[in-house]
Each structure stands twice: as C-alpha cells, then as structure tokens.
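Under the heading domain 'Anoctamin dimerisation', TrEMBL lists 28-245. Marked as coiled coil by TrEMBL: 43-77. Among the features that TrEMBL reports, domain 'Anoctamin transmembrane' is placed at 248-825. According to TrEMBL, the transmembrane segment annotation covers 259-286, 337-357, 422-447, 467-489, 516-533, 633-654, 689-709, 782-811.
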Amino acid sequence: QQSGRKYNLFLKRRLRIDKRHQSKDSIFFRDGVRRIDFVLSYVEDLNKEWEKKLERRKEFESNLQKAGLELETEDKKESEDGKIFFVKIHAPWEVLITYAEVLNIKVPIKENDIPSMVENPLDCVLYPLRLPEKVMHPEPDYFTAPFSKDKQELYLINDESTFFSPSMRNRIVNYILTRCPYGTEEGKKKFGIKRLLNNGTYTAAYPLHDCQYWKKASDPNCDSERYTLYMEWARFLRFYKEQPLDLIRKYYGEKIGIYFAWLGFYTEMLFLAAVVGLICFLYGLFTMDENMSSKEICDPAIGGEIIMCPLCDRDCEYWRLNTTCESSQYSHLFDNVATLFFAIFMGIWVTLFLEFWKRRQARLKYEWDLVDFEEEQQQLQLRPEYEAKCTQKKRNPITQEMEPYLPLTSQAVRFCISGATVLFWVSLIIASMIAVIVYRLAVYAAFASLMENTQTLQPISSLLTPQLATSVTASCLNFVIIMILNFFYERIAIWITDMEIPRTHMEYENRLTMKMFLFQFVNYYSSCFYVAFFKGKFVGYPSAYTYMFSRWRNEECDPAGCLIELTTQLTIVMAGKQIWGNIQEAIVPWICNWWGRRKARNNPENLYSRWEQDHDLQTFGALGLFYEYLEMVIQFGFITLFVASFPLAPLLALMNNILEIRVDSWKLTTQYRRPVAAKAHSIGVWQEILNGMAILSVVTNAFIVAFTSDMIPRLVYYYAYFENEDSPMSGYINNSLSVFQISDFPEENKPKENPENFVICRYRDYRYPPDHERKYLHTMQFWHILAAKLAFIIIMEHVVFIVKFFVAWMIPDVPADVKAKIKREKYLTQKILHEYELEKLKERLCQGDKQATEKEFIATEGRMELSRAM
C-alpha cells in the first residue's frame with residue numbers, strides 16, 4: 001500500500017513536470033511572453049468565512065481585470081504543498097502608460113550629452129575598491145521628462161516590454177491593487193489589497209525576484225539583477241567594495257537606494273572619527289604611567305594611608321584608597337586632555353557629516369531624476385485606510401472635489417488617547433530606570449560584603465571592585481529591560497498610530513517615527529544620562545547623606561571619577577544592541593526561511609516555481625526601512641551624545657556598519673521577498689532628528705567634560721591650588737578629598753565595626769574639616785571649580801556652535817556642478833519638448849487643421865525663444 005502511494009505521487013509529479021515546460025526561474029505567464037508583475041496567493045480554507053472570502057476574491061479580481069490587468073491562476077494542485085493558489089498579474093502596455101502618467105513617472109527622451117565630472121586623481125589608488133562599470137552604471141544616463149500618453153513618439157521607446165523597468169511595473173500594479181474595490185460591507189465601500197491581506201482573503205501579495213540569488217536565470221530575456229547584486233554587493237567578502245547604488249535603485253526603487261546611499265556615506269564619514277578617536281585612546285594608553293592622580297592612588301605611602309569613609313550604611317567597612325588603583329589607571333584612558341579635544345572635534349565632525357550628506361543627497365536627486373519629484377505623487381496621497389474609515393466628506397477648497405475627512409472632535413479624542421499612551425510608556429521607562437538605580441543602591445552593600453568575605457574572589461578583587469561589579473550587572477540588567485520594553489512598545493506605537501488614522505502616507509510615517517524615536521531615545525539614553533549627570537552629584541556628606549525614598553543612600557562616584565562607569569554603561573548598551581540587532585536581522589529570517597523551505601528541498605526543479613520560492617521568503621514590510629533608520633539613528637546618538645566618555649565609540653560603530661551594510665544587503669537579496677518599489681528624494685524626517693541630536697550633542701559633551709570627568713577640578717588645582725611648583729599635580733588626590741571625624745557619624749550610619757580604631761575618614765568633596773569654624777560646609781575651592789565648570793560649558797558651547805554654523809554656511813547644500821547640470825537639463829528638456837510641439841503644429845498646419853492657427857505657431861516659437869533666454 002505504501003509503495004502504491006509512492007507510485008501515485010511519482011505519477012502526479014511526472015504529470016506536473018510534463019504540464020509545465022517552463023524553468024522554475026520563469027517570471028512569465030505560461031505563454032512565455034507576458035511578464036509577471038505581481039503575485040497574489042490564498043488558501044482555500046473551508047470555514048464559516050470561506051464563502052465571504054471567495055466572494056471578495058471574485059469581485060476583486062473582476063475589478064482588476066476591468067482596470068486592464070491580466071490574470072493567470074495557478075491551481076493548488078500545481079503548488080508544492082498542494083494547498084496554495086497563486087494569482088499571477090500582468091500589466092499590459094495600455095495600463096502601464098495610463099498609470100505612468102497618473103504617477104508622473106519620468107522616462108528617457110534623449111541620452112545625456114553633458115560631460116561627466118573630471119577624473120579623480122585618486123582613482124588609481126581607489127581602483128581596488130571599485131566595482132565594474134556595468135555593475136555601477138547598469139543603464140546609460142538620459143534626459144527625462146514626465147510620461148504623457150499623447151507624446152509617446154517623443155520618448156526613447158525601443159521595446160514596449162522593457163521600456164518600463166520591473167520596479168516601475170510593480171509600483172504601478174501596487175498602486176492599482178491598493179485602490180481596487182472589492183464590494184460593500186456594512187454599508188461601507190471596501191477596497192485595497194492591504195485590507196484583504198488583513199482579513200485573510202489573500203495570504204500574500206508581492207512582486208517577483210528576477211532569478212535565484214546564487215545563479216543566473218536560464219531565460220536570456222531576464223537580466224538576473226538579483227544574482228549580480230548578490231555577487232557584487234550582498235556578500236561579506238565584498239565589504240571593502242563600493243556599493244552599486246544605481247543598480248540598487250533600479251532593482252529596489254529610490255527609497256531603498258537612498259537608505260543604502262546614506263548608510264554608506266555615514267560609514268565613510270565614521271572612518272575619520274574612528275581614526276581620531278583611536279588616536280585619543282592611544283594617547284591615554286601611552287600616558288597612563290605618567291598620570292599623577294593614579295600614581296598617588298596606587299602609592300602605598302599615599303593612597304595606602306588614606307582611609308575612605310564607608311560606601312554604604314552599617315554593613316560597609318572603612319577602606320583604603322589604593323584598592324581602587326586599577327580602576328583609576330583605566331579611568332585615565334578616557335579621562336585625559338585628549339577627551340576635550342575629541343569632544344570639540346566630534347561637534348565639528350557631525351556638522352561636516354550632515355552638510356556633506358546634503359551635497360551627496362543633492363547629487364543623487366539629480367542622477368536619479370528626483371529634482372522635480374513632488375511628494376504629492378506618492379507620499380501625500382490619501383491612505384486607503386483613511387478613505388475607508390472616514391465616512392464623512394467635505395469639499396476640498398483647492399480641487400473643489402468631495403473628500404473624506406475626520407471630524408475635529410474625533411481627532412482630539414484620538415490624540416488624547418495616543419498622547420496618554422505614549423506618556424504612560426515613557427513613564428514606564430523612567431520607572432524601570434529608577435528600579436535599576438534602586439538595584440544599584442541595594443546590591444552594592446551585598447557585593448562589598450561578598451568580596452570582602454569570599455576568599456575565592458580575593459585574586460580578582462583589585463580588578464572587580466564592588467563599584468565595578470554593581471555597574472556591570474546594573475548595565476546588563478538595564479540592557480535586558482531596554483530590549484523587553486522595545487519589544488512591546490513597537491507594537492503599541494503601530495497600534496496607536498493606526499488608531500489616529502493619519503491622512504497621508506507621509507503623516508503616518510512621521511507620526512510613527514516621532515513616537516518610536518521619543519520612546520527609544522528615553523529607553524536607550526536614560527541610564528547613560530543618569531550616570532553622566534546625576535550619579536555622585538547629590539550624595540551629601542558622611543553625617544548628612546541624601547537618600548532615595550528615605551531608604552537607599554545615593555551612589556558615590558569612584559575617587560577617580562564617574563567617567564569610567566559611563567564608559568562601561570555605554571559600551572554594554574551600545575555593543576549589546578548592535579550584536580542583538582544583527583542576530584535579529586540575519587539569523588532569525590534565515591532560520592524562518594530554512595524551516596519554511598525544508599519540505600521543498602527534494603522536489604524536482606520544475607515543481608518549485610519562482611512564485612513559490614518567493615512566497616516562502618520573509619516579508620519586507622512597509623516599515624522595514626523605518627527600523628533600519630531607527631537603529632542607525634540610535635547608534636548615531638551613542639557616538640555623538642556621549643562620545644566624550646568613550647572615544648572608541650566611532651570605531652565600534654564603524655565596525656558594526658561595515659557588517660550592517662552587508663547584513664542588510666544579504667537579507668534583502670536572499671531572505672526577503674522583493675519589496676514594492678517606492679520613490680523618495682531624501683531620508684525624510686530623520687534628517688531633522690539628526691540635526692537636533694547634533695545640536696544636543698554639543699551640550700551633553702560639554703556637560704560630560706565639565707561635570708562627569710575630572711578635567712576641570714584638575715585644571716583649577718594645577719593653576720590655582722598647586723603645592724609643588726616642580727610638580728604642580730602632586731598632592732591633587734589629597735586636596736580633592738575632604739576630612740570627616742568618625743565620632744560625628746550618626747548611630748544609624750556608623751559602621752558596625754572599626755577594628756583599627758580609625759579616627760578620621762576621607763570622602764570625595766570640597767568641604768571644611770571638622771576643626772574649622774565652617775565645619776563641613778563647602779570650601780571656596782568648590783565654588784571656584786563650579787564657576788570654572790559653568791564658564792567652560794558656556795565657552796565650549798559657543799566656540800563649537802560658532803564653528804558649526806560657520807562650516808554650515810561655508811558649505812553649500814547643492815554642489816555648483818550639480819546646479820549647472822540641473823539648469824542645463826531643464827533647458828535641454830524644455831527645448832526638446834518645445835521642438836516636438838512645434839513639429840506637431842507644423843504637421844497640423846500642413847494637413848490644413850483649422851484649429852492650428854498661425855498665432856499658435858508664433859506663440860510656440862516665442863516660448864522656445866523665451867526658454868533659451870532664461
């Protein structure tokens with residue numbers, strides 16, 4: 001019986017192989033002529049909704065055919081699992097030219113005759129980084145003009161089947177699919193493929209890849225661009241090569257192309273910041289032995305004789321300063337004079353990055369025919385969801401047409417709910433951060449006691465101090481909380497943005513972007529802000545400590561400063577996020593696809609068709625690029641907002657981004673269905689967010705250098721309070737520690753034990769000693785240091801801002817040669833169009849067309865002359 005089943009299965013497969021002569025890589029209908037521009041899939045599930053779904057599909061597909069699209073259905077018997085139906089869609093020439101005019105698509109009218117740029121003298125040096133010319137520039141450069149059905153002979157139409165690229169074709173078909181009606185339910189008109197996907201009528205809708213990524217298509221009519229992208233771009237071994245941006249734009253559309261152009265440019269600019277940051281780090285490394293502060297801390301005669309006050313109440317003991325010897329040495333790696341230079345340098349670097357990106361973006365706009373691209377053509381169109389949910393209509397004052405609208409009262413209610421939800425989640429982050437702070441305060445005493453009493457930890461006690469152990473574990477805990485909150489908030493943000501019913505695609509993206517960025521900003525950076533600006537600043541002094549919630553004593557900084565803790569926090573969160581992000585982006589889709597394809601491995605090639613292969617891939621959703629931008633902008637914050645504490649941050653970011661470009665390209669080319677092509681002429685609202693972070697970074701780094709690092713107190717001591725002219729920094733540690741008389745401890749704070757009968761202990765502050773008339777009040781040196789810190793912040797901010805604005809003013813947003821090319825292209829395009837109109841007018845005059853008057857002829861010639869003059 002089992003052998004009989006196998007024989008029947010063999011006959012079934014044999015029948016299917018004989019029936020289908022096409023290669024599995026075929027991207028054409030059965031006739032081998034009409035190209036598949038889009039594919040819909042569905043499963044025939046026999047439940048109570050089955051009849052309703054069937055009716056919707058019939059109505060929808062009938063309306064698609066009425067719109068001019070051609071359909072071909074693959075029965076479920078033809079599919080690999082015998083369950084899925086596939087509807088293949090082809091857009092004929094008449095449909096393409098109709099909607100090309102509607103979407104204002106630009107097409108070639110003449111090959112570009114403007115000379116290319118002067119050759120770069122460094123080309124010979126950069127040759128190993130270059131890709132072949134055919135890969136970098138897959139098409140000739142043309143002058144273009146918006147398509148018009150009435151002027152078809154004006155355009156360079158050599159072959160109707162290839163005139164519109166596959167990405168243009170799938171964009172046009174997707175436009176039709178998102179607006180095609182499928183009936184009326186509950187008195188409301190229903191339309192759009194997105195709604196049909198949401199209610200399960202269809203399971204997927206996607207354009208096809210043109211071939212398998214690991215080998216070229218057998219069909220000579222296929223360009224195999226996916227294979228070229230994989231071989232030249234999407235492999236990690238090509239990490240040192242430039243990106244084929246024109247081919248990316250041709251295959252995936254301008255929106256994805258502009259993302260990879262920005263990511264590549266950002267990575268190139270990071271190289272300079274990484275080199276300077278590495279030099280600053282090496283300076284700290286090579287001067288570590290010359291640091292007088294760590295020398296005094298490590299010296300048994302100085303640091304070994306200084307008894308420090310306990311770091312927690314009752315359970316903690318007195319301790320000697322030289323126990324923090326190693327951490328003070330490591331602190332010098334990041335807390336040195338190079339830190340100040342690097343903070344100022346990064347303030348200028350970020351301006352150069354943003355200004356040069358504007359120039360790069362302007363060049364891409366010209367090269368990709370986006371100069372006259374109007375967002376209205378795509379981004380400002382009404383969202384189908386808005387049209388479907390807004391039942392009330394009002395007259396548009398501009399078009400004088402009736403349009404759906406959302407009443408003001410409904411908008412107000414929705415915004416209130418949305419605002420309250422965002423506020424709740426931001427409050428939740430702040431509450432979680434306070435919980436981590438309480439954890440730090442609560443476990444410090446436990447770590448101190450454990451390390452003091454556990455013999456096995458004695459060998460590493462010099463490296464792993466209670467402060468460091470608390471900081472590392474708290475940073476790891478904070479990272480886990482960040483990732484958990486992110487997981488939930490992403491879904492909440494999408495839900496509340498959908499609930500607001502934004503009017504246009506641009507509104508939707510901008511609102512979601514601001515919600516997600518606000519949340520991620522607070523989520524990722526709150527712990528760093530705490531360590532940088534709050535920890536150790538509100539401690540009090542031994543007989544008058546300040547407490548959180550009247551229970552937990554506020555944390556103190558290490559005697560060498562809090563900067564090393566900020567560095568630890570930044571490293572763990574930044575590196576952890578990058579590692580987790582790459583795992584999510586690369587490994588998870590690969591595992592999902594491997595699991596989905598496991599049944600198809602042993603099938604004959606003819607059975608596993610191109611649409612089935614793509615169906616088994618992951619979906620690159622409408623928000624796919626949104627998450628990529630968000631990830632990079634958060635990283636941008638790490639390397640700008642807190643870079644004064646960690647000069648190696650740009651180097652970590654550079655290494656991550658080199659991997660990120662290849663991971664993103666690999667997953668897009670091999671693990672995801674082909675996204676629908678979309679236009680974009682900039683990175684959108686992200687540009688404004690980057691500008692805001694660039695300004696904020698100047699302020700945060702000025703405060704880090706002034707209040708978190710020990711630079712200003714050291715400079716004040718060096719110039720005003722030094723005790724030894726031959727060695728001005730000697731005695732600094734003793735000067736920076738105040739004296740406390742142990743007998744002044746309140747009973748609730750006093751340590752349980754004092755085996756060595758210490759009389760005094762030291763603490764980090766500038767206060768008068770117990771025998772002074774102003775006992776334990778701040779000394780004049782404290783106020784001098786505070787004044788110096790505030791003066792430094794004001795001076796640094798003004799200097800950096802003046803340089804930033806001067807650099808921004810000096811660098812024009814659009815390169816001079818691009819401006820000239822844009823003007824010449826406009827002139828030549830107008831000239832070609834006017835000459836065409838003149839020729840048509842002459843033909844009509846010769847044919848005796850009464851409508852073509854002599855005055856119209858003269859007016860057309862006059863318009864040409866005016867264009868030349870302008």
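Even glycines carry a Cβ here, placed using N, Cα and C.
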Recorded stretch that, among 259-286, 337-357, 467-489, has the most CB pairs under 8 Å to the transmembrane segment (633-654): 259-286
The transmembrane segment (516-533) and the transmembrane segment (782-811) contact flag, 3+ Cβ pairs under 8 angstroms: no
Local confidence of the prediction over the domain 'Anoctamin dimerisation' (28-245), expressed as mean pLDDT: 86
Cβ pairs under 8 Å between the transmembrane segment (689-709) and the transmembrane segment (337-357), at least three: yes
